[in-house]
Amino acid sequence: MTAPLIDPFQRAISYLRVSVTDRCDFRCVYCMSENMTFLPKRELLTLEELDRLCSTFVRMGVQKLRITGGEPLVRKGIMTFFDAMTRHLATGALKELTLTTNGSQMERFAGDLYAAGVRRVNISLDTLDDQKFADITRWGRLAQVIKGIDAAQNAGLRVKINTVALKGFNEDELFTLTEWCASRDMDLTFIEVMPMGDIGNEDRLGQYWKLSDLRARLGERFTLTELTERSGGPARYVRLEETGQKIGFITPLTHNFCESCNRVRLTCTGELYMCLGQEDMADLRAPLRNNPASDAMLEEAIRAAITRKPKGHDFDYSRQTVDGRVSRHMSHTGG
Ligand code: SAM
Ligand code: SF4
């Protein structure tokens with residue numbers, strides 16, 4: 001192993017989120033437009049390149065890999081990549097291999113993912129109503145995702161549900177969703193909607209549901225115990241005493257938890273974003289492709305990028321404009 005990655009603010013980089021495709025079989029309204037243009041295939045890192053890149057990061061101290069997208073499970077041959085990462089779990093260098101998925105392909109992949117060493121998955125689900133599900137995902141069908149969740153649990157995967165909190169959309173399902181997750185022994189994390197992509201500003205601000213309000217409403221029915229555990233990301237957790245369930249709140253906009261940030265994000269084209277809320281990135285595809293026989297240039301490029309990791313992001317909704325917004329899509333950087 002080479003020297004660990006430490007940024008200028010003394011944060012150790014131990015967590016890499018990797019987008020393996022910009023494509024998706026859904027078109028969630030807050031994430032993509034209906035007629036998205038996707039990248040030409042040659043722009044994407046190949047599965048071998050993804051392996052080489054992730055393995056380099058693992059050698060440099062990354063202990064947790066989260067595979068995302070787009071929808072990671074629509075990437076052709078993706079199990080080859082998961083299977084390849086199993087070797088890093090076997091040596092103990094990698095502590096966790098996981099993914100965030102919309103669940104649509106879970107029925108097909110759950111068993112294979114478990115066999116590759118995946119133990120936990122995040123599945124995104126914003127509503128339990130068939131029609132609302134079709135409306136928000138445009139192309140998704142709720143029944144297919146529920147089957148995916150069943151398959152994941154049957155395969156032995158621990159499932160956490162991710163729900164984007166949307167005013168006027170799933171406010172009325174707060175307790176239904178919470179109780180449904182409790183009945184299936186699943187934790188639940190609410191995500192504040194972020195100013196990404198190209199949905200009109202007004203729409204997004206209209207949909208913005210402050211998680212402090214959501215949390216206060218939960219507190220009217222449940223006893224909330226604050227948990228001290230930290231993931232190094234913009235999430236805070238409580239336990240609901242009545243159900244024993246863990247509820248997370250991801251509030252990148254209203255809070256700054258950047259001081260403990262331990263992560264960087266790799267896009268499917270090999271761009272490394274040091275912060276979700278900033279435009280600065282480093283191209284890792286060139287040093288990777290130009291040096292097929294050695295990882296030295298790649299390692300150097302990664303180290304140079306980490307020295308540019310900013311102290312924090314600039315999202316700010318408080319001024320009621322979408323200041324500090326970034327123009328790229330969530331599906332590009334990987335959620
Ligand atoms: N397709 C997979 C999925 O939906 O889980 C993985 C990629 S998706 C970009 C990752 C997460 O980002 C999902 O939970 C999704 O709900 C969330 N997301 C997408 N756009 C968002 C936005 N504008 N604000 C907040 N969360 C968003
Ligand atoms: Fe696809 Fe996930 Fe974006 Fe929805 S949030 S469009 S499922 S990438």
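Our numbering is plain: 1 for the first residue shown, then up by one each step along the chain.
Backbone N, Cα and C define each Cβ position, glycine as well.
Note that TrEMBL annotation is computational and uncurated.
Within Cys181, Cys275, the residue that TrEMBL lists together with Cys258, Cys261 for binding [4Fe-4S] cluster 2 is Cys275. Just one of Arg52, Arg59, Arg66, Arg303 is listed by TrEMBL for the same GTP site as Arg17, Thr100, Lys160, Arg263, Val264, Arg265, and that one is Arg66. Binding of S-adenosyl-L-methionine is attributed by TrEMBL to Gly70, Ser124, Met194, and within the candidate set Tyr30, Tyr237 the record adds Tyr30 to that site.
Of the listed binding-site residues Cys24, Cys31, Cys258, Val264, the Cβ environment within 10 Å is emptiest of other Cβ atoms at Cys258. Listed in sequence order, the binding-site residues among Lys160, Met194, Cys261 whose CB lies under 6 angstroms from an atom of ligand 1 come out as Met194. Taking Gly70 (S-adenosyl-L-methionine binding site) as the reference point, the binding-site residues whose C-alpha atoms are within 10 Å of its C-alpha, out of Arg17, Cys24, Lys160, Cys258, Arg263, are Cys24. Less than 8 angstroms from the CB of Cys275 ([4Fe-4S] cluster 2 binding site) sit Cys258, Cys261, Lys309, Pro310, Gly312, His313, each of them six or more residues away in the same chain. When the Cα positions of Tyr30, Gly70, Ser124, Met194 are compared pair by pair, the longest gap among these S-adenosyl-L-methionine-binding residues is 16 Å.
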